Amino acid sequence: MLIAFCTCEIFHLTMTDQVKVRFFTNEEDDLKVSENPIFVPVSLKRYGLSEIVNHLLNDGETKKAIPFDFLVDGVLLRTSLQDYLTKQGLSTETVIDLQYTRAVLPPSFLASFTNEDWISSIDTINPGHGAVLASNMKLQESKILSGSYDGVVRTYNMSGEVESQYIGHSGPVKSVRWISPTRIVSAGNDHSLRLWKTKLAGVEEGAEDGKTTAILEGHKGPVVDLAVDYKSNKIISAGNDSVVGVWSTNASDMSAVTVSEPTGSTMSKKRKKLALQDSTIKRRAPLAMMDGHGQPVTGVCFDVNDKSVIYSASQDHTIKTWDLVTSRCVDTRSTGFSLLSILQLPNLHLVASGSSARHINLHDPRASSSTEQVSRKLVGHTNFVVSMAACPDKDHMFASASHDGTVKVWDVRADKAMYTLGKGGKVFGVSWDPIGIVSGGEDKKIDIYREAN
């Protein structure tokens, strides 16, 4: 009877009840308040708690308020303290430790650029990007790289102007990545990768613009995703032929491939023209082709903490971990759903996978593998999750693009998406640059949402 009585008390907290909380933060010193516990109403949510912290910081003076988020045991508080206590089965005798941190405000629309066709892939580069730092070059501003269903790779400046177009693929381009401020790699439905030489304003003025320096061949189906490691000069590719390809950013590191001249009256004029242009371009074979998946590979990424390790996602429902030294699969995890994208959150030791089941799974690759080994599941999209991008300066945050026409902003410490950015039509690609979140898709537009300061 005593247990039942206590349980009844816990689940009938009133709006006038109070609970002791202890505020603490890892923010800079001038945002720290006393860690002595104080009583607050259990009805408070993050906005009310933020008002209290601002009042304590300003010592009663009227100053511009700083919005804060609050974490309890590492999880973002998205309910009232009353709901938290009830869910955890705790009484108001509990002292709640509340960590506060600057809130991430909703991104605001910055710009939209029009493209000629559907945009399949987006990548960005900026002065502090790893590709720039590894190249010892200088870059004045962020640049946008896009791959399109019309077979053209384009670079844009932040004013929306097309700086260069790269024509060579004989079908839709499915993935693009910066290698350096003057070099890019693309892949597409024509089964090939292309290394390009580009020239950006203020960078290597002698560079020849728009030149394919090498065609990389080895896949037997469309190549749908790429990842680049700037320090090891490695490229990895995901193919619909169920194979993961390994390449070099330097053509001289790969073996030459001899290709006979194309023949046949059924070849279109466009293909004949492109084939003639390509006849003088060197072709290279992969460093390795890694078999193991039973269905198309849809996403690949390097392990930021160990560049000899990569991860791949596939429609065969699995995430595989590969050792590049031996070119062997060292771990396989089954998810029960077709996987369409993959992203590593290195400082959290997590790998995120987007699925055809509309959710995002978070996996810890250090944990022993077993069926449905999932650390967390993020639910919110209503269609395929096909692309993801990590926040450049916040370890816990990333963005996801979906065929439901939205880009969602996530914090892995919360159960739901932080914000939803709408687009017209399916979204195929997303990148997160310091200037903002850049996405493209079926509406033939590149949209930029700026992060609020």
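A Cβ is built for glycine as well, from the same backbone N, Cα and C atoms used for every other residue.
Going by Swiss-Prot, these are the annotated features:
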REGION    19-102  region 'Ubiquitin-like (UBL) domain'
REPEAT    128-166  repeat 'WD 1'
REPEAT    168-206  repeat 'WD 2'
REPEAT    218-257  repeat 'WD 3'
REPEAT    292-332  repeat 'WD 4'
REPEAT    334-373  repeat 'WD 5'
REPEAT    380-420  repeat 'WD 6'
REPEAT    422-453  repeat 'WD 7'
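Long-range contacts of the repeat 'WD 7' (422-453) within the same chain: residues 104-124, 126, 128, 142, 144, 146-147, 156, 158, 160, 383, 386-393, 398-407, 409, each at least 6 residues beyond the stretch ends and with a Cβ under 8 Å from a Cβ of the stretch. Each residue in the repeat 'WD 7' (422-453) has a pLDDT score, and their mean in this model is 92.
Long-range contacts of the repeat 'WD 3' (218-257) within the same chain, counting only residues at least 6 positions beyond its ends with a Cβ under 8 Å from a Cβ of the stretch, are 130-131, 133-135, 171, 174-180, 183, 185-193, 195, 282-302, 307, 310, 312-314, 316, 320, 322, 324, 327, 341. Look at the repeat 'WD 7' (422-453): DSSP puts its residues at 0 helix, 20 strand, 12 coil.
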